[in-house]
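Novice: Residues or ranges marked as topological domain 'Cytoplasmic' by Swiss-Prot on the basis of a curator's inference: 1-15, 99-149, 198-254, 315-564. Residues or ranges marked as transmembrane segment by Swiss-Prot: 16-38, 77-98, 150-170, 174-197, 255-276, 293-314. Per Swiss-Prot, the feature domain 'ABC transmembrane type-1' maps to 17-319. Per Swiss-Prot, topological domain 'Extracellular' is recorded for 39-76, 277-292, and the stated evidence type is a curator's inference. Swiss-Prot lists 349-564 with the feature domain 'ABC transporter'. Marked as ATP binding site by Swiss-Prot: Gly382, Glu383, Ser384, Gly385, Cys386, Gly387, Lys388, Ser389.
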Amino acid sequence: MLKKLFFILSKEDKNFLFFLLVFSVFISFIETFAISLVMPFITLASDFSYFDRNKYLISLKEYLNIPVFEIIVYFGVGLIVFYVFRALLNAYYFHLLARFSKGRYHAIAYKVFSKFLNINYEKFTQKNQSEILKSITGEVYNLSTMISSFLLLMSEIFVVLLLYALMLLINYKITLFLSIFMVLNAFILVKILSPIIKKAGVRREEAMKNFFEILNTNLNNFKFIKLKTKEDGVLSLFKAQSEAFSKANITNESVAAVPRIYLEGIGFCVLVFIVVFLVLKNESDISGILSTISIFVLALYRLMPSANRIITSYHDLLYYHSSLDIIYQNLRQEEENLGEEKLSFNQELKICNLSFGYEGKKYLFKNLNLNIKKGEKIAFIGESGCGKSTLVDLIIGLLKPKEGQILIDEQELNANNTKNYRQKIGYIPQNIYLFNDSIAKNITFGDAVDEEKLNRVIKQANLEHFIKNLPQGVQTKVGDGGSNLSGGQKQRIAIARALYLEPEMLVLDEATSALDTQSEAKIMDEIYKISKDKTMIIIAHRLSTITQCDKVYRLEHGKLKEEK
């Protein structure tokens, strides 16, 4: 567990974790010292004669030159001040504990999200979107809870060990008996409850995975659900997983309460036993054992919550262990390491003996060859599933050939120059996603807003008239997924987004297939008009959209056949 946790945490986090562990040891000494002070205080307060019998107390009384009761009062006040200091120190420690454990949610979520953004495209296409969302949200939060439980476990172990040492010094016989009795009961608790917690943790992880899957799938098919009136069926699926998730958490919470209830009862019985044992042993001098009884009462008062926290924290480690495994596996994914080498595209792009197949599947292409000249407009046609989009993904550098190479002006496309090459490409997909922000933000897509460039691409994409009639202009919100816009308006925003990057190559992946023939023809005319000097690659189903292309290739059985 520690190996995986240290892999996930940064160097700064590990250093702070070490500091917290050292601080917890210091807190443990303070706790033990605070309890140890109670015994002499009660002893002296119950019998002033100690100041006449103990040479150190005699010297102290002579040095202070004040009545004994005043010494006891000052001792009591000092004890109160020390306990207040102890309480403040504990509060500060738990603040640091919460800041570290819950603060890791941000740091680890950022690392996991960054990892997903930086894995290669082929690996990403094999991921389940709901799994990614679950990892970044639920599993990372669970891991932060697990870290908190781990630190609390270590802190309480230190407290228990030091208090145990103190109790051994006071009365080793009672302490040894107490140890055997408590360890035996704790062992029974752990053996009985741990399997229940583990099974609940597995059920929680499985239910959570299905929970996110159902949400993701059905929210993306809302129109179909409404049309087919499938609400009841969807709710039934959601209810089953939501209940499974709740039941797993109920089991965990219920089992977590058992150690406290059980140990409180056992602790009370042990306390009564200690008092009875000491009274029977010292029948003639009850006042002499008052301090011993007091110290054991205080020690047990502090040990019972510690024992409960240790068992509960251990159960949390078991319950959330799957979250640690999931985050660890996510962060171990190999990243796409791209260099900053420049790549010029002034003459032509060559595909030489290219072969490709997705991992674990047969090759889609074998020994494919193709030349695309700078400024040329080409189209790929073919049956659905023949590999048109995959071929384009290879051409634009998202996928890497298994065999063969892609040459840009006779320079091989590789990890060193792919990043620069991708920046030369404007991409308009079939399924356009607009986020719930302004038109301007959707066009610039995270880049700084250049008003001159923004106005130019709005004009090029024929959005000028539409935006002028909007009360808020380019600051108008488009709605989630562009729900406030028509299909044609979304398409034009996607075109403006692609043009804003000032690309040298424009790629349309069935970008107008969702439009009617008239709208499609109009938008394609606009695209051809504004892309005179750009290289264009088009994937199309309708031949009417590619009449102005220089070349048309049909992809069939992994082979390209020129049709124009």
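Cβ atoms here come from the backbone N, Cα and C positions, even for glycine.
What you see is a predicted model, and the numbers here were worked out from it, not measured in a lab.
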Novice: What stretch in 150-170, 174-197, 293-314 has the biggest tally of Cβ pairs under 8 Å against the transmembrane segment (16-38)?
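Specialist: Of the candidates 150-170, 174-197, 293-314, 150-170 scores highest.
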Novice: Suppose the ATP site is Gly382, Glu383, Ser384, Gly385, Cys386, Gly387, Lys388, Ser389. Which further residues of the same chain have a Cβ inside 8 angstroms of that site's Cβ centroid?
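Specialist: Here the non-site neighbours turn out to be Leu555.
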Novice: For the transmembrane segment (174-197), give me same-chain residues lying six or more residues beyond its boundaries with a C-beta closer than 8 angstroms to one of its C-beta atoms, as numbers and ranges.
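Specialist: 164, 167-168, 251-252, 255, 258-259, 262-263, 266, 270, 274, 277-278, 296, 307, 310-311, 314-315, 318-319.
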Novice: For Lys388 (ATP binding site), what is the secondary structure state per DSSP, taken as helix, strand or coil?
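Specialist: In the DSSP reduction, Lys388 (ATP binding site) maps to helix.
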Novice: I'd like the number of other C-beta atoms within 10 A of the C-beta of Ser384 (ATP binding site), please.
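Specialist: Other Cβ atoms found within 10 Å: 8.
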Novice: Within a 10 Å radius around the Cβ, which one of these binding-site residues has the most neighbouring Cβ atoms: Gly382, Gly385, Gly387?
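Specialist: Of the binding-site residues Gly382, Gly385, Gly387, the highest Cβ count within 10 Å belongs to Gly387.
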Novice: Summarise the model's confidence over the domain 'ABC transporter' (349-564) as a mean pLDDT value.
Specialist: 86
Novice: Counting each residue once, how many in the topological domain 'Cytoplasmic' (1-15) are helix, strand and coil under DSSP?
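Specialist: In the topological domain 'Cytoplasmic' (1-15), the DSSP-based counts are 12 helix, 0 strand, 3 coil.
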Novice: Please work out which residue of Cys386, Lys388 has the most C-beta neighbours within 10 angstroms of its C-beta, and give that one of the binding-site residues.
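Specialist: Checking each of Cys386, Lys388, the winner is Lys388.
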Novice: Given a Cβ distance threshold of under 8 angstroms, which distant residues of the chain, six or more beyond its ends, lie next to the topological domain 'Cytoplasmic' (1-15)?
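Specialist: Cβ under 8 Å, 6 or more out: 100, 104, 107-108, 111, 143, 147, 150, 317, 321, 324-325, 327-328, 331-332.
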Novice: Taking helix as H, G and I and strand as E and B in DSSP, count the residues of the topological domain 'Extracellular' (39-76) in helix, strand and coil.
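Specialist: Final tally across the stretch: 31 helix, 0 strand, 7 coil.
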Novice: Counting each residue once, how many in the topological domain 'Cytoplasmic' (99-149) are helix, strand and coil under DSSP?
Specialist: 46 helix, 1 strand, 4 coil
